[in-house]
Amino acid sequence: MVTTFAAEHGVSPYLRFSRSDWARLRNGAQLPLTTYELDRMVSLNDTVSLDDVADIYMPLLRLLQLYYEASQQLYQVTNVFLGSPSQGRVPYVIGIAGSVAVGKSSTARILQALLARQHPELAVDLITTDGFLYPNRILQERGIMHRKGFPESYDRRMLIEFMANVKSGLPYLEVPLYSHLTYDIMPMLTQVIDCPDILIVEGLNVLQRGGRPARTPQVFVSDFFDFSIYVDADERHLQQWYIERFIRLRETAFRNPSSYFRRYAELSEEEAIATARRIWREINYVNLKQNIEPTRERADLILEKGERHMLEQVYLRKL
Ligand SMILES: Nc1ncnc2c1ncn2[C@@H]1O[C@H](COP(=O)(O)OP(=O)(O)OP(=O)(O)O)[C@@H](O)[C@H]1O
Ligand SMILES: CC(C)(CO)[C@@H](O)C(=O)NCCC(=O)O
């Protein structure tokens with residue numbers, strides 16, 4: 001729910017849509033995905049149905065297509081003004097924010113697939129800001145292993161430099177990769193971002209501001225966004241989804257000998273629930289309240305989920 005000062009006083013910078021009102025904005029477009037394809041994009045313990053794609057993602061896709069086209073027209077207009085195509089095209093950047101376990105990565109993967117499917121001529125890339133976390137070695141040196149996901153656990157300078165380079169149209173940029181399995185940055189492995197038409201940047205920190213001394217120039221990741229989305233859910237649901245996912249990981253990924261959490265594979269279900277609840281309460285919940293939720297009203301669009309990941313409402317910022 002949008003709870004800005006403005007909302008509390010009866011005005012809001014957002015238009016609110018019920019699921020059915022939003023679904024109507026699809027305007028009859030065909031569904032370009034099958035259930036099989038969709039299931040492969042959805043994260044463990046997240047639930048996205050073809051109805052969600054039809055009701056929520058297809059109207060969103062239509063909106064993004066219109067905004068993207070408008071940005072291309074603006075680019076042409078600028079060239080007319082300059083009298084020559086003196087500036088190269090730069091990627092259109094979409095940010096996706098939200099809590100741990102809300103389903104950001106599924107949202108990002110589905111949008112990427114839908115955009116690419118509708119526009120085979122466009123290159124649509126996706127990165128996660130997990131790659132900009134400091135390696136565990138540095139987090140340990142600084143005594144902040146328990147602060148993973150908090151602002152200070154990211155190399156914010158590297159992230160801002162990357163965003164500035166993307167939006168300057170630089171080719172062949174390398175992004176470090178993070179492994180949830182080893183719980184660390186992967187040595188020697190990077191993802192190459194080579195001036196795509198559209199870049200989706202997903203991470204819990206993408207709408208955050210601050211962290212620099214007051215008198216240095218303030219530049220934020222979101223300064224480089226053309227459009228931003230916050231995936232929202234009540235904290236009770238988030239805690240439940242985090243715990244459910246932890247229990248499922250205990251039966252799957254934690255059993256992998258390379259898993260950082262392999263010691264948790266031996267826990268009884270009761271112990272696993274208690275452990276997940278503690279990690280949620282001491283780390284991810286604190287981060288949600290202090291650093292993630294306060295950024296929600298910076299988003300252009302808020303997707304609100306209810307029980308069982310059901311997408312219930314959409315808020316679109318009035319332009
Ligand atoms: N400890 C882990 N071991 C293996 N896989 C994990 C672990 N933690 C998370 N994952 C998987 O990695 C993917 C991304 O997880 P991540 O923590 O980035 O998502 P998130 O921040 O919780 O947000 P979201 O669920 O919104 O994508 C998910 O599919 C999740 O199931
Ligand atoms: C890597 C992040 C910060 C974000 O994806 C998160 O998944 C995480 O690992 N948080 C730290 C606490 C935990 O293990 O859940």
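Count begins at 1; order follows the chain as displayed.
Positions of Cβ are set from backbone N, Cα and C atoms, glycine also.
TrEMBL annotations:
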type: DOMAIN; residues: 93-245; note: domain 'Phosphoribulokinase/uridine kinase'
type: BINDING; residues: GLY98, SER99, VAL100, ALA101, VAL102, GLY103, LYS104, SER105; note: ATP binding site
Nonlocal residues around SER99 (ATP binding site), in sequence order (Cβ under 8 Å, 6 or more apart):
LEU204, VAL231, ALA233, GLU235, LEU238, ASN284, LEU288, ILE292, GLU293
Cβ proximity for VAL102 (ATP binding site), under 8 A, sequence spacing 6+, ordered by residue number, returns VAL231, ASP232, ALA233, LEU238, TRP241, LYS305
Which binding-site residues from the set SER99, ALA101, VAL102, GLY103 come near ligand 2, judged by a Cβ under 6 Å from any of its atoms?
none
I want the residues beyond GLY98, SER99, VAL100, ALA101, VAL102, GLY103, LYS104, SER105 whose C-beta is within 8 angstroms of the mean position of the ATP site's C-beta atoms, in chain order.
LEU204, VAL231, LEU238
Give the residue from the binding-site residues GLY98, GLY103 that has the most other Cβ atoms within 10 Å of its Cβ, counting over every protein chain displayed.
GLY98
For a quick check of understanding: among the binding-site residues VAL100, ALA101, which residue's Cβ has the most other Cβ atoms within 10 Å?
ALA101
The domain 'Phosphoribulokinase/uridine kinase' (93-245) [mean pLDDT, rounded to integer]:
95
With an 8 Å cut-off on Cβ-Cβ distance and a minimum sequence separation of at least 6, pull the same-chain contacts of SER105 (ATP binding site), or say none.
SER43, THR128, GLU202
Have a look around LYS104 (ATP binding site) and count the other CB atoms within 10 A of its CB, chains all included.
24
Give the three-state DSSP assignment (helix, strand or coil) for GLY98 (ATP binding site).
strand
